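According to TrEMBL, the domain 'Myosin motor' annotation covers 1-524. Per TrEMBL, ATP binding site is recorded for G2, E3, S4, G5, A6, G7, K8, T9. Annotation source TrEMBL lists region 'Actin-binding' at 458-480.
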Amino acid sequence: SGESGAGKTESTKLLLQHIMNLCKGNSQLEQQILQVNPLLEAFGNAQTVMNDNSSRFGKYIQLRFQENTVQGAKLSEYLLEKSRVVQQDTGERNFHIFYYMFAGLSSEQKEMYGLLDPSFYRYISGRFGTQEVAERWKHKYQEVCNALDMVGFQEQEQVDMQAILAGVLSLGNVTFEPEESNGCLKVSEASQGWLKAAAVKVDVLSQLVCGVPCSPVKPFSELQLFLCADARDSIAKVAYGRVFGWIVCKINELLAENVSPEVELREIGILDIFGFENFAVNRFEQLCINLANEQLQHFFNHHIFQLEQAAYKEEGLPWETITFNNNEPILNLLLAKPLGLLSLLDEQSAFPQATDKTFVDKLNSSFKGNLHFQPARGRVLGFSIIHYAGKVQYAAEGFLEKNRDTLPANIRGLFINSVTPLLIHLPIHHEPRPTLARVKCGHEARVKLLQDEKTHSLMVLMERMYSANPHFVRCIKPNSQKEPGVLDNQVVLLQLRYNGLLETIRIRRDGFSWRPSFEEFAER
């Protein structure tokens, strides 16, 4: 764990290499486990203002052993930031793979996929930079292709995958306008070419956009225009999510252990999850990321302070209690039912008339006087939460829409009936659980509720954590400028304080470093 840019992903790769080196077992399998990283990073990582290679998903790697030899591995992924496909803030980029494709594909291949200069695409932000950067991306693209071959993707599957990515980019340029005859919305004349480009290789994208999300509601309104654009973006996010989910499935097929079910396997799990984030503008995604970090910090506190000190008291040892910064009140603020922040967000998301402003008003009235909540000043639509790692101000715009994660039911049907094999067979990435309710938004049944699924995903993850014997690797970010060889004392000290590492040092110094069982002691 650690802040965004503190080195979690790099540490995970080093730890994997170290474990593989110790095993000296199935060398081919060990190499495959190490070689899937470029693939995951290309499709799951992106440049942010805090980190040039930021993981925009969480991954849990389970290494399975028989007599100290790796027999297999399984990858679980959590909370892919699909919204990045359709929107990036200033100084940020889309997922790496899009830039690698532009740098690595030949002119003939670009023509085959209908790709033009990257500056034409609304979903692509950030300049392409120097020739040196382009060469590096070209090399990364080749790494991705090699990894796809190694994992077992057939040539046609790789073509389908890149066609979908190219189609997603073209889809982002589709706009809508009212028809003069009846005022209904249609795909604008100016963007008909983009729609055709999106549909050249991926049939479903054409069907999806041609009027499906835009039912004829008169008179034409800005809300209607917003719903059409929102449905278009939802299609792009689902398509990208399916590609990512497909890659993870193929990786797990490759790495699955080939042993008898009766054989007992032992396991080491490594969790590499996105770090705590505090940007100039913090949105719904940052709240979900920071909630995950709050839960991990609570897990750390539980093991290092609560269980440790309870064991000393149970043994009747003289012990002066070490106090620590307990973040349970913050988790209650976020997760309590029925009046926690996420419960209130669910409640507001269920009302078609609710807006981001009514949601913020509800928070301000519900959490008045709460020490970990602050209303925004002036006319700013937002709020602040005092997290364990410091105060974060959230911009509330888009909270309700992102929580609903709207995908009209008829669009889901078109995915199922697609003639592009990839889009048929895979379950929709992060499909909401069957037990979740549905709500009516206007006249379309829309899927409810993204954060329900996110919190469920986190609950499953935390259950895994609590059932294991944990070891903590705390990654400390040396400076805020992304510079090598520079250690900023204040930046480091702040992290040591809010992570509880100063108290951890005290409990390690004053406590008992080796605690054998009576049986072990007697035998020794």
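Glycine residues also receive a Cβ, built from the backbone N, Cα and C atoms like all the rest.
Across the residues of the domain 'Myosin motor' (1-524), the predicted structure has a mean pLDDT of 85. Around the Cβ of K8 (ATP binding site), a 10 Å sphere holds 23 further Cβ atoms from the protein chains shown. Long-range C-beta contacts of G2 (ATP binding site), restricted to its own chain and to partners at least six residues apart, with a cutoff below 8 Å, comprise K8, G275, F276, R474, C475, I476, K477, Q495, N499.
Note: S4 (ATP binding site) has non-local neighbours T48, M50, N51, S54, F274, G275, F276, E277, i.e. same-chain residues 6+ apart with C-beta under 8 A of its own C-beta.
Same-chain neighbours of the ATP site beyond G2, E3, S4, G5, A6, G7, K8, T9, judged by a C-beta within 8 angstroms of the site's C-beta center, are, in sequence order, N51, G275, C475, K477. Cβ neighbour count for G7 (ATP binding site) (all protein chains, 10 Å cutoff from its Cβ): 17. Under a cutoff of 8 A between CB atoms, and with a sequence separation of 6+ in the same chain, the neighbours of E3 (ATP binding site) are M50, G275, F276, E277, A389, C475, K477, Q495.
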